[in-house]
């Protein structure tokens, strides 16, 4: 039961909040609902075209509460109350839920989940590109248990492929697209145990260059894992932590270049200026590594040296679109996750807003007629916001009342656990005494941990384009790449495409339409 004190505080606050004038008229809400109804009715005509292109946006750690908070932030950045605004992913016509658990974990990590939504097979926590028969850190359980990804299937089908991330390019999410590793942390041989090296396992950076030699576009961070141990970084010459890490003495950038045909134009770049001066129509292969480790948070980004996620996506699509067979592009907003782990909600939410810009950018450059776009997350976080805040309350602001237990104010955003737990004088810290709007403010948490943890609830899957309607209801996470492959007629399940081709139809065929309609109940 809510106490009378809370009711009074909330009532006063809500009475004083700004309600847009148009929203006071019932006609506004009725007209809005009718327009939404008409849009929904149009979805009865399903898009059963073959997907020439596939774009997958992965918001690392972007749970449903994070999506909602980012939507409000986006609106508030445009001087509106925020709640009524729409993210680009909100505009997608089909939405599903994805069950994120790993084969051995109720609350998952980003490696096992990446294997699921890229390779179509659920896996153990901490492993990438291998089945659940592989045990984490055990190199000798890898051989024979490798599984390939949709990026690999697309490349085999003659499509161009690309990876764009704000983390290291050999981090958990992107690595599942090309690597097979018993441990996600084997970034270079420097991070591998001697036993694994002696048993013949290769680090993830090595696999990036060697496993699929003709990935057209690779952009993100992770420069130091490509160079010999103690090699000075081109940007941070005095920073020892930025130096090369490789014990084998290899320069993987040079090896990457050597694998490219001489008649093709290959470019290795390390800063934003070089990226923006490229002519995408003369670039065949691009490797852009803009930081020694992960890229900077969007709020901290150096506009001279580091490109934004949307700038990288724009260049990637321009390069990949030259292939008449189409392309597959994996885009990761990877530092959403890092912001949450650090308890820095402002950093995390601004990362989502930037990924939303990239989703809009991709939408402007492609067509729903031939491009399947999927936006999802690998897992959630123990991030929440509440406190009966009034309409238009700053997403980073205070709740409208103080606690009826310790008589102190609290922010709307809180974490279930993490580094924001603080006790001052034996009591919860008084947040009115700190700058809770600071970019690096660590929101209060219920349980003290150095790093906040993932959440275990389902995450959303947004889809538009050919066969997007197959993403509906509640699915196992490993279902996602099977849908994408089916829509694009790549991978193992292609019988429907052969029959469609013989019939001269651009669609995967009437049988597929029947199968698509059945789960939606449209035939009955």
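Quick reminder: no glycine exception, Cβ is built from N, Cα and C everywhere.
Note: TrEMBL annotation is automatic and uncurated.
Per TrEMBL, the features are as follows:
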type	residues	note
SIGNAL	1-17	signal peptide
BINDING	60, 171, 173, 332	Mg(2+) binding site
BINDING	60, 337, 341, 378, 379, 454	Zn(2+) binding site
ACT_SITE	110	active site, phosphoserine intermediate
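Counting only the Cα atoms, the space from residue 379 (Zn(2+) binding site) to residue 332 (Mg(2+) binding site) is about 13 angstrom. For the pair formed by residue 341 (Zn(2+) binding site) and residue 332 (Mg(2+) binding site), distance between Cα atoms is given as 17 Å, rounded to the nearest Å. Among the binding-site residues 60, 171, 173, the ones whose Cα sits within 10 Å of the Cα of residue 337 (Zn(2+) binding site) are 60. Cα of residue 171 (Mg(2+) binding site) to Cα of residue 110 (active site, phosphoserine intermediate): a span of 9 Å. Same-chain residues that are not part of 60, 171, 173, 332 yet have a Cβ within 8 Å of the Cβ center of the Mg(2+) site turn out to be 58, 110, 114, 165, 166, 167, 172, 174, 333, 334, 337, 378. Long-range Cβ neighbours of residue 60 (Mg(2+) binding site) (same chain, at least 6 residues apart, Cβ-Cβ under 8 Å): 110, 167, 173, 332, 333, 334, 335, 336, 337, 377, 378. Less than 8 angstroms from the CB of residue 454 (Zn(2+) binding site) sit 61, 107, 108, 109, 379, 380, 381, 382, each of them six or more residues away in the same chain. Residue 341 (Zn(2+) binding site) has a Cβ environment of 21 other Cβ atoms inside 10 Å.
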